[in-house]
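These come from Swiss-Prot:
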type	residues	note
ACT_SITE	ARG170	active site, involved in ionization of N3 of dUMP, leading to its activation
BINDING	SER50, ARG74, HIS75, ARG76, ASN159, ALA160, ARG161, ASN165	FAD binding site
BINDING	GLU71, LEU72, ALA73, ARG74, SER84, SER85, ARG86, LYS143, ARG170	dUMP binding site
DOMAIN	1-204	domain 'ThyX'
MOTIF	74-84	motif 'ThyX motif'
Amino acid sequence: MTVTLMQHTSLTICAHAIRTCWQSFEKSDGGGEKDRELIDRVGNKNKHASTLEHLVYTFYIQGISRACLQELARHRIASLSVKSSRYTLKELKAEEEFKEGDWERAKRYLVETESEAVNLASLKALENLRQVLLLGISNDMAKYCLPESYKTELTWTINARALQNFLTLRSSKSALWEIRKLAKTLHEALPKEHRYLFCLNQEG
């Protein structure tokens, strides 16, 4: 799993939006300590969380499973553009047969779990899918055979308010292990000067 922060909004934009309400622009210190404290006080402590929506982050997420993608898609206040399996299954079609000991080669396509039985089942499903592709069945139809562990990637854009909600819920120990890992990796990818606005679930 790899997460790359592609773009983010400056804290000065959020501070400016908050100061618009009181027309207190002269008190700004250009995104310094005063503005940082203002954002935290108004957006977090005073619960005017809509002001945090002016902060927007775009991430490029690679190497998560389709199972994790389904969990991610439940967070609807975000925009996601996902790698199309319909157009990329030709990569798999060109592979040699996957046998039981071929996990290292299969990891290009599959997310590895802690369960050997699950990994073996995923490997068999991957080979079954490859065989279906070799029959000349269209990618549009063959993708119905994709295992949930099949890797994908996406560009994901989310505002700070929605990201706070995501990180709190998905860093919990009750969340899927893979999305817990994603939550932690997203938090680490945030700009250092923004991280004070976000907390991971301590139970995670």
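Residue numbers in this text run from 1 along the chain shown.
Every residue, even glycine, has its Cβ placed from backbone N, Cα and C.
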For ALA160 (FAD binding site), which DSSP three-state class applies?
helix
CA-CA, which of the binding-site residues ALA73, HIS75, ARG76, ALA160 lies nearest the residue listed as 'active site, involved in ionization of N3 of dUMP, leading to its activation'?
HIS75
ARG86 (dUMP binding site) and ARG76 (FAD binding site), distance between Cα atoms, whole Å:
23
Residue from GLU71, ALA73, SER84, ARG86 whose C-alpha is spatially nearest that of SER50 (FAD binding site), among the binding-site residues:
ALA73
Binding residues GLU71, LEU72, ALA73, ARG74, SER84, SER85, ARG86, LYS143, ARG170 (dUMP) - maximum C-alpha distance in whole Å:
29
Least buried of the binding-site residues ARG74, ARG76, going by other Cβ atoms within 10 Å?
ARG76
Could you check which of the binding-site residues (GLU71, SER84, ARG86) sits closest to ARG161 (FAD binding site), going Cα to Cα?
GLU71
Which one is it: of the binding-site residues ALA73, ALA160, which Cβ has the fewest other Cβ atoms within 10 Å in this structure?
ALA73
Alpha-carbon distance [SER84 (dUMP binding site); HIS75 (FAD binding site)] in Å:
20
Given the binding-site residues SER50, ASN159, which one is most crowded in terms of C-beta atoms within 10 angstroms?
ASN159
Do me a favour and check the Cα-Cα span between SER84 (dUMP binding site) and ASN159 (FAD binding site); whole Å is fine.
24
